[in-house]
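Peer 1: Below are the features I grabbed from Swiss-Prot:
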type	residues	note
BINDING	CYS50, CYS123, CYS195	[2Fe-2S] cluster binding site
BINDING	ASP82, ASP124, LYS125, GLU447	Mg(2+) binding site
MOD_RES	LYS125	N6-carboxylysine
ACT_SITE	SER473	active site, proton acceptor
Amino acid sequence: MSYNRRSKNITQGVARSPNRSMYYALGYQKDDFDKPMIGVANGHSTITPCNAGLQRLVDAAVSAVKQADANPQTFGTPTISDGMSMGTEGMKYSLVSREVIADCIETCVQGQWMDGVVVVGGCDKNMPGGMIALARINVPGIYVYGGTIRPGHWKGKDLTIVSAFEAVGEFTAGRMSQEDFEGVEKNACPTTGSCGGMYTANTMSSSFEALGMSLLYSSTMANPDQEKVDSAAESARVLVEAVKKDLKPRDIITKQAIENAVSVIMATGGSTNAVLHYLAIAHAAEIDWSIEDFERIRKRVPVICDLKPSGQYVATDLHAAGGIPQVMKLLLDAGLLHGDCMTITGRTIAEELKDVPSVPRADQKVIYPIDQALYKEGHLAILKGNLAEDGAVAKITGLKNPVITGPARVFDDEQSALAAILDDKIRAGDVVVLRYLGPQGGPGMPEMLAPTSAIIGKGLGESVGLITDGRFSGGTWGMVVGHVAPEAFVGGTIALVQEGDSITIDAHKLLLQLNVDDAELARRRAAWKQPAPRYTRGVLAKYAALARPANKGAVTG
């Protein structure tokens, strides 16, 4: 039986003789035209350590495709380094790159009639970009995560990239020496691989195991390790089998599968960005999914992993403790996962987990039993109120001060807010408001890791609130609320906040409230005028014109 169900449209018949001529130039032989064409979306880049170690994985996948008697076709996908662009105008391109990556993969796979695709990526937006594409085109596909970085070390302390961001605040506050500042800077990122805590890259890749679109254990492997290369090869072999079975992404990505993925995100203390990305993935798969679904799952799934940014350990520690399959097995046994969901292997979640222990190992402190959960409910909460009629997202577990009411300190750009924090103009009890940074206003919903890390570095992480219509890095923690919708640029209430207004953030009541009476707000709204777009040409202008609100995933189509 021939498995070139799609590629035959470009390789078979008299009319396709010129097409075959071009394939011969690539080294194809006549019998290759009866084999499936397998795309390998290559995210390798020397822009960032997250992607600098991907070529070995791509090479392994290509070899495995050949060994499986199929034709590999590599093509490139771009990446933006969130960590390197953070705090600059370049960060506005980060979320945009999610859409660009999805469009690149769709364009190549559909334009070349590929029969399947192995997507290989590393930095934050690579994962949702790739999964959006797979859900959208519904061609057999698998995601290969590039793997995590190993932790850095300085004077006996484990480091991640967030350590370097927080060091900026500590150093400017006089709480860190020049030697330690430079020591953290030079040692925070010791290897290739994506940022090491349960930040956005590890959050999304971990969830893909539960979604059924990546192989078990693959998300917590370190990029430099041989097992990561071996996993990439196995992923390619599994993908070729999926092509033969005609097992497609939408056979796997169902509403129940997304519930599984989000349950793992809650259990591991994952990134707020996952809310935005799963709204987008569900949209691409044409699945009914809303921010209320996250809140529904939060209320029933506990946090059972002690992982950075709010915890102690990193992804390599989680891997040694049993990885995501151990987390999934605990959730499955507690009735918190759908065991009948299909995976890319052709087996169900329950079948995949049958040999995983029901109890985590006693010699580790990363994964806790359900009855010893760190928090009885999930950490990613949807807040609402007159400041966020359409919702906002916050991490609410582990807060020493879960309720804050304080004066608004209003900034219409990130740089002026960061300067105020570093210049000690922000005091305990303040609520920093960062606005005009949403999907349309930013544009691109840049992440606010620089100001939030500076607040923590200044020792104000438990006493200062921060709200924004932009996003937060997966490395952010503290009393911070993002994804405020409607955003300021379209006239959301956040646009009406004035310096000194009283704002309440209440993690118990899931409330985000501007304490100004309705009559005054109506007066301000009548006087408000939409600002001119920050960009009128180029990709940011295109994104601003097409982007939907944050509570709809900030998608463009």
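Cβ atoms are placed via backbone N, Cα and C, with glycine included.
Burial and contacts for the listed features, if you can.
Peer 2: Here the Cβ of CYS123 ([2Fe-2S] cluster binding site) has 29 other Cβ atoms within 10 Å, regardless of which shown protein chain they belong to.
Proximity of ASP82 (Mg(2+) binding site) to non-local residues of its own chain (separation of 6 or more, Cβ distance below 8 Å) is seen for MET91, SER94, CYS123, ASP124, LYS125, THR200, GLU447, SER473, given in sequence order.
Of all the Cβ atoms in the protein chains shown, 28 others lie within 10 Å of the Cβ of LYS125 (Mg(2+) binding site).
Counted within 10 Å of its Cβ, the other Cβ atoms near SER473 (active site, proton acceptor) come to 29, all protein chains included. Taken residue by residue with DSSP, SER473 (active site, proton acceptor) is part of neither helix nor strand, so it is coil.
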Peer 1: Could you list the residues of the same chain, at least six apart in sequence, whose Cβ is under 8 A from the Cβ of CYS195 ([2Fe-2S] cluster binding site)?
Peer 2: CYS50, GLY83, THR148, ILE149, THR160, ILE161, VAL162, ALA201, ASN202, GLY474, GLY475
Peer 1: Around the Mg(2+) site (ASP82, ASP124, LYS125, GLU447), what further same-chain residues have their C-beta within 8 angstroms of the site's C-beta centre?
Peer 2: ILE80, MET91, SER94, LEU95, CYS123, THR200, ALA201, ASN273, SER473
Peer 1: Quick check: with CYS50, CYS123, CYS195 left out, which same-chain residues have Cβ atoms within 8 Å of the centroid of the [2Fe-2S] cluster site Cβ atoms?
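Peer 2: Close Cβ neighbours, site residues excluded: THR48, PRO49, ASN51, SER81, ASP82, GLY83, GLY122, ASP124, ILE149, GLY193, SER194, ALA201.
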Peer 1: What is the total of other Cβ atoms whose distance to the Cβ of ASP124 (Mg(2+) binding site) is within 10 Å?
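Peer 2: Excluding its own Cβ, ASP124 (Mg(2+) binding site) sees 33 Cβ atoms within 10 Å.
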Peer 1: Is it possible to get the count of other C-beta atoms within 10 angstroms of the C-beta of GLU447 (Mg(2+) binding site)?
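Peer 2: Excluding its own Cβ, GLU447 (Mg(2+) binding site) sees 31 Cβ atoms within 10 Å.
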